[in-house]
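Annotated features, as they stand in TrEMBL:
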| type | residues | note |
| --- | --- | --- |
| ACT_SITE | LYS12 | active site, charge relay system |
| BINDING | THR57, PHE166, ARG183, GLN231, ASN257 | 5-hydroxyisourate binding site |
| BINDING | THR57, ASP58, PHE166, ARG183, GLN231, ASN257 | urate binding site |
| BINDING | THR57, ASN257 | O2 binding site |
| ACT_SITE | THR57 | active site, charge relay system |
| ACT_SITE | HIS259 | active site, charge relay system |
Amino acid sequence: MPTILGQNQYGKAENRVVKIVRDGDTHHIKDLNVSVALSGDMEEVHYSGSNANVLPTDTTKNTVYAFAKEHGIESAEQFGIHLARHFVTSQEPIHRARIRIEEYAWERIAAPDADSGPVGAEETKHSFVRKGQETRVSQITFDGGKWEIISGLKDLTVLNSTNSEFWGYVKDEYTTLREAYDRILATDVSARWRYNWTDDTAPMPDWENSYEQARTHLLHAFAQTYSLSLQQTLYQMGSRIIESRGEIDEIRFSLPNNHHFLVDLEPFGVKNETPDGAVYFAADRPYGLIEATVLRDGVEPRIPLDMTNL
Ligand SMILES: O=c1[nH]c(=O)c2[nH]c(=O)[nH]c2[nH]1
């Protein structure tokens with residue numbers, strides 16, 4: 001045969017699952033986008049078209065919805081672990097399952113002031129507004145023995161309106177950038193962190209709490225770092241998470257530098273300078289793109305380099 005089959009995987013992508021749990025008249029919502037990718041003994045379906053080993057992608061979709069109903073969605077990671085285990089252990093030809101999950105967060109809408117109490121004093125029980133901009137992400141991979149859990153977030157837009165400088169860089173004949181001693185630092189954080197939980201016999205992290213804690217550390221590090229470059233801020237965010245969260249060994253970031261340029265108002269005789277209420281042009285492209293992995297010392301990197309762009 002002049003050709004052979006290389007890496008392959010299949011499954012149903014982007015199953016949108018919304019689960020509402022009713023606790024009396026207080027409702028809880030989980031909103032996920034779940035993608036299933038299975039691999040194993042799939043040579044024959046590619047070579048001859050025999051579907052004998054193929055669990056239909058339609059079935060993988062149904063399983064996602066059935067599991068959401070039967071087992072609930074405690075956390076994206078827990079749900080993904082359940083699904084991955086099911087596909088690998090129930091189907092002999094399937095040796096590896098990768099479950100990717102995006103989670104969209106909702107928060108309760110504050111109750112309109114019914115009587116004379118302060119507005120927003122209470123929360124509504126079943127009305128929600130999409131929370132923030134960011135999407136929580138996770139990827140659960142199981143090969144029948146070991147687990148790999150990579151979680152994170154994307155599109156978390158943050159901005160420091162001061163405490164950012166950029167100067168002392170290399171200057172060649174094409175350099176026109178002016179040194180900045182008080183600039184805006186803004187980015188849309190995309191981050192993926194890898195858990196050191198790989199084994200069913202070890203106690204599982206508390207996925208929900210771990211996510212909230214990692215996100216909070218990231219935001220605090222962003223806010224508290226007096227930044228001389230986005231690279232430095234990235235490293236601070238990563239090391240804060242690794243140092244504070246023993247369950248996380250590696251974190252990779254992809255950070256666009258959302259440039260804010262001081263507008264030149266000199267032609268109109270107007271000085272436009274920090275800190276006197278400066279006006280900026282928020283450019284959308286091109287943007288600097290700063291990417292790096294931060295690791296616990298002694299740990300091998302495993303997060304794919306391009307994963308943060310997914
Ligand atoms: O934080 C920054 N890092 C860079 O590498 C860079 N390059 C650039 O033009 N502006 C910036 N800002």
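Glycine is treated like the rest: Cβ placed from N, Cα and C.
Distribution of TrEMBL features across the structure.
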residue: LYS12; record: active site, charge relay system; Cβ neighbours (10 Å): 19
residue: THR57; record: 5-hydroxyisourate binding site; Cβ neighbours (10 Å): 16
residue: ASP58; record: urate binding site; Cβ neighbours (10 Å): 9
residue: PHE166; record: 5-hydroxyisourate binding site; Cβ neighbours (10 Å): 19
residue: ARG183; record: 5-hydroxyisourate binding site; Cβ neighbours (10 Å): 23
residue: GLN231; record: 5-hydroxyisourate binding site; Cβ neighbours (10 Å): 16
residue: ASN257; record: 5-hydroxyisourate binding site; Cβ neighbours (10 Å): 18
residue: HIS259; record: active site, charge relay system; Cβ neighbours (10 Å): 18
Quiz item: Among LYS12, THR57, ASP58, ARG183, HIS259, the recorded positions in the record, which have a C-beta under 6 A from ligand 1?
Solution: none
Quiz item: Which one is it: of the binding-site residues THR57, ASP58, PHE166, ARG183, GLN231, whose Cα lies the shortest distance from the Cα of HIS259 (active site, charge relay system)?
Solution: ARG183
Quiz item: Can you tell me how far the Cα of LYS12 (active site, charge relay system) sits from the Cα of PHE166 (5-hydroxyisourate binding site), in Å?
Solution: 46
Quiz item: According to DSSP, which of helix, strand or coil covers ASN257 (5-hydroxyisourate binding site)?
Solution: strand
